[in-house]
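**Student:** Let me give you the structure first, and then I'll get to my questions.
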Amino acid sequence: MPCQSSEKLNEVVIEAKKFTKYGKVADYIPALKKANPNDLSVAIYQPDGTCISAGDIKKKFTLQSISKVITLALALIDCGEKFVFKKVGYEPTGDPFNSIVKLELNNPSKPLNPMINAGALAVTHMIKGHSIEDRFIRILTFVQELAGNSNVAYSQEVAKSEFESSFLNRSLCYFMKQHGIINEDVEELLDLYTKQCAIEMDCLDLARIGLVFAMNGVEPTTKKRIMPAEVARICKTFMVTCGMYNASGEFAVRVGIPAKSGVSGGIIGAIPHRFGLGIFGPALDEKGNSIAGLKLLEILSTKYSLSMF
Ligand code: DON
């Protein structure tokens, strides 16, 4: 069924779009600078398979940090909860997503959670496979399955651009290698991680992935279980506690839904048992979250009582 454009949703997009002028597109990954800061689009998928949308939902964007939730799910499937959380913690940091500071402060050193870059790199390290190519294909196939779209691919341009400029992520990896959190070649791990972050889709794909998390791991129209309910539960919990990094507390108060942002301007939302949500708005606030995307969610949450709390 095609996604219906919604007049009501469009009104919210128009309102939230006013905030794009206060943000700016990410520039530390050079390829992301090309985004149009005025863009804002949203899609909402419901368990009965119906979908509503507003804005230019055909625009594609890379997952960036949204991919961290998906690799966490795959690592939990591959290695189990006990193994994963031996290497990565459960706690929010209150620091920016790429901060290195807590790695040194904790003894023994361990990334505080799987949503910050250090934790996500440690999680990607856990994805099983015979080679980097094999591990990437496993991640991509999992994403395609979640989105119900076998055409989802990755942007070679964005992956290359991040790989060539990832000096901070390289230092996080070397620090973790010294402390025994990872033990593979850093360049290879970064190759895998930057490709994972460069997986590209539109709001519809993202909303469908959100719906699978919202429905505890089952794609509701086909009734196919894509991940164990326990894995979906753990991922959604991290979306609530760490999904917006050091803005997660304010987001929980203002919006109150499991969600995860990426520096490309994407936000995935998983409203338990109700719907999956995909947003794209590349103008970011100072914490790296889509400025108009957050506003859009705040308006929707207030209007339709979405908060879980
Ligand atoms: O590792 C990075 O810096 C990026 N590939 C992802 C960071 C990101 O999306 C942070 N989110 N708001």
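Just so you know, glycine gets a Cβ as well, placed from its N, Cα and C.
So TrEMBL lists the following for this protein:
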type: BINDING; residues: Ser65, Asn117, Glu162, Asn169, Tyr193, Tyr245, Val263; note: substrate binding site
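I'd like these features described in context: how deep, what's nearby, how far apart.
**Tutor:** In the three-state DSSP scheme, Asn117 (substrate binding site) is classed as helix. Spatially close to Asn117 (substrate binding site) yet at least six residues away along the chain are Ser65, Phe97, Asn98, Leu168, Asn169, Leu172, judged by Cβ distances under 8 angstroms.
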**Student:** Would you measure the largest Cα separation among Ser65, Asn117, Glu162, Asn169, Tyr193, Tyr245, Val263 for the substrate site and round it to whole Å?
**Tutor:** 20
**Student:** Using a 10 Å cut-off on Cβ-Cβ distances across all protein chains shown, tell me which of the binding-site residues (Ser65, Tyr193, Tyr245, Val263) has the largest neighbour count.
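**Tutor:** Highest number of other Cβ atoms within 10 Å: Tyr193.
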**Student:** Where does Val263 (substrate binding site) sit by DSSP, helix, strand or coil?
**Tutor:** coil
**Student:** When you measure from the Cβ of Glu162 (substrate binding site), which residues in the chain that are at least 6 apart have a Cβ under 8 Å away?
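**Tutor:** Glu162 (substrate binding site) has long-range Cβ partners Ile29, Ala31, Thr194, Cys197, Ala198.
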